[in-house]
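Colleague: Quick one: this structure, given as structure tokens, is what I'll be asking you about.
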Amino acid sequence: MKLPDGTDQMKNLSPFPAQKQDGTTSGAIAETIIVDDLDGGGVVDVRGTAAQYDCDGDSSGSYESDMTPNRSILKEEENKFYAAEDNNMGDDDIWGVLSGVGGNMYEWYDFAVYGLLASEIGSCFFPRSSQEIQLLSSFGVYLAAFVMRPLGAILFGEIGDRIVGRKNALTISIILVTAPSVAMGILPGYNKLGVIAPILLVILRMMQGLSVGGQLAGSYVLSIEQSSSANRGFRGSICDASSVGGFLVASLVTTVVRKIYSEEAVNTWAWRVPFWFSLVIAPLLFYVVNNSKESKFWAEGTKRKEAEIIIREEEEQQDSAVHDLFSSPFRRRQLVGMVGTLCVVASSFYLIFLFVPLYLSNLRHLMSEANSDLLTSCITFVYIIMVLMCGRLSDTFPHRMDLIRIGLPGIIVAAPLMFAMFECESLFGIILGQLMFALCLALVQGGLASWEVELWMSEPTLSFTGVAVGHNVSSSIFGGTMPLISTFLFYRADYWTPEDNAVWSRIVPGLYVSMLGMISLYCISFVIRHPHDVRSGELRMRKARARAERRKQMNSLTWTETFDQFTDVVSSSFSNLTLPGQASKGYVPPSVNGTNAEKEVA
């Protein structure tokens, strides 16, 4: 296809509704993959249709001259996305995975400890309030950290994409999360500092949120860029499992603290012990990160970008990574789709691992805090295994998006059903409800990390920023507000539901998650999938190449040759035609599977 600037581009790849032969339009997005550029293959749709592109510059497609400028730019950027080279530099470096796993587990341990000790922290820094106000105030401070996460994504995205790379960005984030964690462990409460105490608490939480905003995305990008295409889903699930592992360690530590110390000691000073534990983990992480290697894919992309700048004789002053992200219509659309897809994952994650323990112990009083934390630890351990299995499973699907689409409807149904099962007030119902919801969430999150990175893999010097901004914006808007909204809905649901039906008032937080699940199911439908991400098997690839080759041959035929082929097909059909009377003379028609030829029956 010829664009106005004279460049050759692929056709039939528009993300807009495609026009059918009858003139109607289809809302489906053209989701394609490049199967082979050497044998004249073409672009093959994952669902089986083939669309030929022009390898020699003689495409028969015509460019839509009446396109608006914005749509023309969008189409050109999309074609560049499809034509991007795949990352073939992954060597499955073990230190890259360990640095991402260790950093994730450590930072999310510090992040989760605050949420699990929200009631004790609320009584220490907001002692003059009721239990409802204490919880809301404590979760409000928790939300303050999420406000800083998009800013941390922008900051660390610039550091990881344009300045020092992924490895050094991880090192900086570990330093920034250790200092406020230790400071929260020694910060005096409201009784000694007055109103200054909660103010300092908010500042420390914001510093922690700034570092977490870049750490998770950095571990995703570093681990997946160093992996081969066949293992991206599994290695990405390891990163996700490590962040859940941070929640597991935090839950175990808080459980041990509550078992060892009395309730009075925990409320006064023992809740600080898990924060001091950070001093033991930080030195080990520095050793692991220093032994990891920088991403070769990013290093080569940076060199290529610098060479292009020299060739084009551009100015030395470059735009920031976040400016490049938002200045592109195609990238903006990908970003919006990514945020919408992740909204239910972020909310569900904090719902089951942060709000549900408080719901069972402090709000519904179905079990003690220690037993609730112990149950959360068991559910978290099982969930880690589920995520790893689903990550490996995502590497066997034709596309990781397929597994996500399977899990999203499950979340929509399982969220309110889990809260309804809590109302049976039996341990079996509580465990079964959480396991059911955890399984549906694991199906979505198994290949989610690699899916996020592959959305931006066409731009190595922009992938850190794209993953960080998309992931943290979704986590801030939907994940950080989840405990606060769920607590508010719990206390206010009684006014919105009939008095004679208590179950409906209890499942309101689950209905909120179901609504977000429907939003995610819609948003994932217009995200363009990565062209190189296909694991369809050798047989499917051979069939795809054959279809593309046939389409190329058909496009190269003249009208006379096409008519000759048509007449040959018609004549051969009439020559093989069997009259009704011939069936009684021993003719046996072909079998259903087409393996039997014509036979003469004796």
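Glycine too: its Cβ is placed from the backbone N, Cα and C atoms.
Pulled these features from TrEMBL for this protein:
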- 96-532: domain 'Major facilitator superfamily (MFS) profile' (DOMAIN)
- 1-24: region 'Disordered' (REGION)
- 135-157: transmembrane segment (TRANSMEM)
- 169-190: transmembrane segment (TRANSMEM)
- 196-222: transmembrane segment (TRANSMEM)
- 234-257: transmembrane segment (TRANSMEM)
- 269-289: transmembrane segment (TRANSMEM)
- 335-360: transmembrane segment (TRANSMEM)
- 372-391: transmembrane segment (TRANSMEM)
- 403-422: transmembrane segment (TRANSMEM)
- 428-451: transmembrane segment (TRANSMEM)
- 472-491: transmembrane segment (TRANSMEM)
- 511-528: transmembrane segment (TRANSMEM)
Colleague: May I ask which of the stretches 169-190, 196-222, 234-257, 335-360, 403-422 has the most CB pairs under 8 A with the transmembrane segment (135-157)?
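Modeller: Comparing 169-190, 196-222, 234-257, 335-360, 403-422: 196-222 has the most Cβ pairs near the transmembrane segment (135-157).
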Colleague: What parts of the chain pack near the transmembrane segment (169-190), using Cβ distances under 8 Å and only residues at least 6 beyond its ends?
Modeller: 99-100, 103, 106-107, 110, 114, 124-128, 156, 159-160, 197-198, 200-201, 204-205, 207-208, 210-212, 214-215, 218-219, 222, 272-273, 275-276, 278-279, 282, 285-286, 289-290, 464
Colleague: For the domain 'Major facilitator superfamily (MFS) profile' (96-532), report the average pLDDT of the model, please.
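Modeller: The answer is 83, the mean pLDDT of the model over that range.
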